[in-house]
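Undergrad: Sharing a structure, written as structure tokens. Questions coming.
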Amino acid sequence: MLSLIVFLPLAVAVVVAAVPSLGAAAARWAWVAVSAVELVLVGVLWAGYEDPGPNGLAFEEQVPWIPGVGSSYHVGVDGLSLPLVAMTAVVFLACAVYALRDGERPRAQTALFLFLQGVSLGVFVAADLIVFFVFFDLSIVGMYFVIAGWGHGNAARSALKFFLYTFLGSLALLLGFIGLYVASDPHTFDILELVAATPLEDNPLAGGLVLAAILVGLAVKTPTVPFHTWLPPAHTDAPATGSAVLAGVLLKMGTYGFVRIAMPILPEAWRGWAWVIVVVGIVSVLYGAFVALAQTNLKRMIAYTSVNHMGYIILALGAVGLIAGDTAQARSVAVTGAVVQMVSHGLITAALFLLAGVMRTRAGTYDMGAYGGLATPAPRFAALFAIAAFASLGLPGLSGFIAEFQIFAGSIAVAPVTAIALPGILITAALFLLALQRVFTGPTQGQSPGFADLHGRELWSVGPLLALSLLIGVLPQVLLGVIEPASAALVDLVGR
Amino acid sequence: MSGPPAVLLAMVVLPATVGCVLALARPRRGAVPIALVTSGLTTVLAFAAALTRPAVSYPFVVGADFALDVDALAALVVPMIATVTFLVLVFSAGNIRESRGRFHGLMLIFAAAALVTATAASIPALLFAWEVMGATSYALIGFWWRDVDRVSAGLTAFITTRTADLGLYVAAGAALAGGTGMALADLPAGQGPWRDVAAAGVVVAALGKAAQLPFSFWLSGAMKGPSPVSALLHSAAMVAMGGYLLLRVEPLLAATGWAGPLTAWVGVLTAVLMGLVALAQRDLKQLLAASTAAQLGFVVLAAGVGAVGGGAAHLVAHASVKALLFLAAGAWLTALGTEDLRQLRGVARRWPVVGVAASVAALALAGIAPLSLWATKDAVLTAALESSPWLYAAGLLAAALSAAYAGKALWAIWRRGARADDTGGVSTLEQAPLVLLAVGAAVLGVLALPPISGMLADALGGHGQVPIVELAVSAVIAAIVLLLMLRLRTPAPRWARRWLGLEAAAQAVVVRPSLTVAHALARFDDHVLDRAVNAVAGSVPVLARSAARVDDHVLDRAVVAVAGRVRRLGHLARAPQTGAIHQYFLQTVAVLAAGAVVWSVYAVMG
């Protein structure tokens, strides 16, 4: 089942790439169809999911692959990965719908995005470090071509920067993986076996070094301050769908790596480094928010809010490593909040980037100063952007609040000092409201007159993302029911 | 006693859903009747809920339910919120002419959020409604969004109150750490310092919404919204909910020991200082706005001294008074295009229904017996006297100031010399709600008088006794001050006219430094961090080039040089090979001779 989900888009990508006679419309609709089938498959997965228990996986599949180094094709899902798998399927379908009328090289674009979808899903279901790493790196390759091939502005340079920076990060990650392999006995790359064995438990120095390598690798991808500088140019110059996938899906690979690999395999080292991680989280939250506040380019601003939003996740995960007294419940709340934030940020930021893409298609600029009073010619656009902005600033009723409330309640209960990150949600609120004010209110001027309102395909791509955010915001149990047992299990694993 | 939860759910979900649909779909017609029917049904449900006291709870976030409960306090306030909303919407049907779908939709969401706030029994439910209320107020204050200053005022309101809201996030963490769970009623049982942290967080959040010092300034800008918005925001939702939250958590305030007196003093200081601010205003809506902060000061004071019954009565009576006054101001603004008190001269004579209704409310605001706020305020002041004579004295001063600013407005609207250049009229739809509210403003004082005060005190806290002497003292003071205002010119010092300079202070202390930091960090990000990364990346080609140079000029040259030497050696080696036999013999003799010499030297040296 999982293999079907991962390899269906990859197979179709190969077919689409290999058949040059495929028309533009056929390619576009093939993309939508495959993404829709993927979503249905994930829905079936979700419906049949039962919590597999601590350090277990549901829908597990294992086939020998490179037995010489103890690596196998091993996949499965649990409460930490299933929500991300679902979110990935949703974001890619939204992009497929959004791109239905894009003109440029549709066949290549379809093939590339299906490839990206396959490898992204592969990362989230991988239960073997080598499988994880292969998909992780392939996602970087795919995104490089998306930015370089369909981007604008200084796309080639931004794509190269993105590629080199994140590729370097992945090398650090590989180093860490090899460290785990060498330290395990018997040598293995299997994540479940490594979690059960907790190698390097009694070797704090080596454990710390391996964790450092993994942390740096994941921190580049997440990204956290100070490894984030590839993000703004990559987003600014990427096409709308590329930005949506990059922010919505690819960034989560970093944070997912923390909960899947770093925390359960190296609990001892994680606890030892917890304060460092908390501080990195706090700095990312505040730094990302402040820098975003100063931006005049809408896409750059959204990019920096991603640094802020990822910071909340890091903050919460760091707090989980601070074992003090009877705080298991609070730490579990924090982990749950962090996983919700991954899903929530994926939905909301994808919506924001797709909406920003509309501005470029219509008026060719992301500069907020070039607009004004845009709500007059484009009321639907204004309404959806406002909802997405409020979702992103953590307004209750939308998913961001569920994430941030749990992150803060849990983190503050474990480590009161994390409250100094609270102004982050205030600054985010201010910057989004200022952006709304600059672009949409006041007299209609600049690029605004004649700005066409959202079309059907734009509405149908962004609308469902926000509707899901609303669903999670009002009835969070649909999501939390899956996440909760897994986060409680993770808290136990880190506490070992 | 607990009634059917469906009543409570419907009371909240109905206006919220209809509001969302109206706000998003923006129907060109039909919005007004739909909103009125919805609001009417909600009001019926609210009274039903108050009578049956239902409670609902469903799992929300990890470890905390979304819990709503109509307890005695909520049962008093929920019908008030629903009724005032309904009356304000009736007025709006005659007053708001454009974007009616959006307006009525947002108002319904606003009211739904207030209803959830009033019934919330757990921190997540409270914070949920609390922030939705703030965001809706942003959208409503900036309702006329083509004017940037109005949107900007909405932004100030949202950001200021959200600053205070952060207190609730801290309180949630403290509740989790204190081991009590997130039910509001359990907070007083928290362990050690966590209980104090939770109390501090809740108090800050409540003071922000209630526009108490030092947060009061956002109310001034909030006047830029449509008048019906002000009417609802000041009476039944948002600001009122700030005071309400403190009444709700009074046991927590009392349990900490310090939070009660602190709250009481903040309340009474706000009542005095905002009373002065109100007195100094020349604009009717600004005067009313400052008076809201001042009147909420009495509610906050009540929470601080444990007079929950008196505070709740004051809140409910004030809702009626203030909704009426804002609606009247709105009617005049629509008819005359001004809210300047000097321009409003004689306006009460021109539209007598509005004028009389507004006068009843103004007299009540002044504390004239036997109107509502006279009794409710004294219920609070009595409790304050038991706590501290200083609190009582400050409270009396604030009461005298209420009479002064109410008198200033009252005499202005009755003074002869009306302008004749008015452009519009006041419709029946605008007048009808005023009459009903005037009745409320007149009689709701019974909530603070025996026998009802005793029942309220039993259910809510406090004792419900108001000594006759105190009632008489305050009534006399109010009457004297009110009459004095006929003759006195009011002082209007700059600091009071400008709301104590609070907004300027917030700009200088918080906003500008934040923006400076933001720009500095953005520059740092571009010019230091990013450049450093680029420099590291840029150094790779430099390294590569120097490696290439080493490769070309050192390694390769060395190889070439070695090859050259070898070739030269080859040339040298070729030289003896001449092919001539005699020369080979000569070479052989020379080698043998050399060998012999070497051997003999070796033998001799031994």
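Quick reminder: no glycine exception, Cβ is built from N, Cα and C everywhere.
Heads up, here are the entries from TrEMBL:
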type: TRANSMEM; residues: B:6-25; note: transmembrane segment
type: TRANSMEM; residues: B:32-52; note: transmembrane segment
type: DOMAIN; residues: B:125-399; note: domain 'NADH:quinone oxidoreductase/Mrp antiporter transmembrane'
type: TRANSMEM; residues: B:127-145; note: transmembrane segment
type: TRANSMEM; residues: B:166-185; note: transmembrane segment
type: TRANSMEM; residues: B:231-247; note: transmembrane segment
type: TRANSMEM; residues: B:259-280; note: transmembrane segment
type: TRANSMEM; residues: B:287-309; note: transmembrane segment
type: TRANSMEM; residues: B:315-338; note: transmembrane segment
type: TRANSMEM; residues: B:350-370; note: transmembrane segment
type: TRANSMEM; residues: B:434-456; note: transmembrane segment
type: TRANSMEM; residues: B:468-488; note: transmembrane segment
type: TRANSMEM; residues: B:584-605; note: transmembrane segment
Undergrad: Check the transmembrane segment (B:468-488) against the transmembrane segment (B:315-338) for contact, please; criterion is three or more CB pairs under 8 Å, pairs 6 or more apart in sequence.
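TA: The answer is no, given that the two segments have fewer than 3 Cβ pairs within the 8 Å cut-off.
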Undergrad: With the transmembrane segment (B:127-145) as the reference, find which of B:166-185, B:231-247, B:350-370, B:434-456 contributes the most Cβ pairs under 8 Å.
TA: B:231-247
Undergrad: State the non-local partners of the transmembrane segment (B:166-185) in its own chain: residues 6+ outside its ends, Cβ under 8 Å from one of its Cβ atoms.
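TA: That would be 63-65, 67, 120-124, 126-127, 130, 191-192, 194-195, 197-205, 208, 248-249, 251.
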Undergrad: Could you give the residue numbers and ranges of same-chain residues that sit at least 6 residues beyond the transmembrane segment (B:287-309) on either side and whose C-beta is under 8 angstroms from one of its C-beta atoms?
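TA: Hits for the transmembrane segment (B:287-309): 73, 206-207, 210-212, 216, 219-220, 222-223, 230, 234, 239-240, 242-244, 246-247, 249-250, 253-254, 259-272, 274-275, 277-279, 281, 315, 318, 322, 325-326, 329, 341, 365, 373, 377, 379-380, 382-384, 386-387, 391, 395, 398, 401-402, 405-406, 408-409, 448, 453, 456-457, 459-462, 464, 499.
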